[in-house]
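Contents: one structure, followed by commentary.
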Amino acid sequence: ASFFITYVLTSGWASLSSELMQLFGLIYNFIRKYVLRMKEDTEFVPSFPYHTEVPKVLLFGLLGFTCSVLAPLILPFLLVYFFLGYVVYRNQLLNVYRTRYDTGGLYWPIIHNTVIFSLVLTQIICLGVFGLKVSPVAAGFTIPLIIFTLLFNQYCRTRLLPLFSTFP
């Protein structure tokens, strides 16, 4: 548990602060504007790096789900990470990055599948922990929870997934 807490502190909180500062962009714009005396150009405004930021947030969500049973001490650190992440990414998306394309909601199935996978993995870990601690009542109540989670996933797939395969 201490490894994952340290990982959240070093990778999560440090990446949020570096995302907010963007030191390379600051130095580049300073040199371009004041040393080279060039005008600001909106052509060089960066777009949001989805390929690096979204998997990091999903990984921290998975860590929160799976470690909450065995080591709940990680939860306050993840809560602070998600709160700061909301503030930082909201600012960056609204004021810093330029939207070059719109996904049209195609990220929803990916996020939904990842959350369902995290929940089922957490419930299987709970089942194993309750089995090792010889708690048949808790293990017995965990099995229907896994089944209901998978049924909810199937309901969402049949009800909502066709909405994302066709666009208006």
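Cβ coordinates come from backbone N, Cα and C, glycine included.
If you look up TrEMBL, you'll see 1-130 marked as domain 'CSC1/OSCA1-like 7TM region'. Taken from TrEMBL, the feature transmembrane segment applies to 57-86, 106-130, 137-155.
Remark: secondary structure over the domain 'CSC1/OSCA1-like 7TM region' (1-130) totals 104 helix, 0 strand, 26 coil, with classes taken from DSSP. Looking just at the domain 'CSC1/OSCA1-like 7TM region' (1-130), the mean pLDDT is 85.
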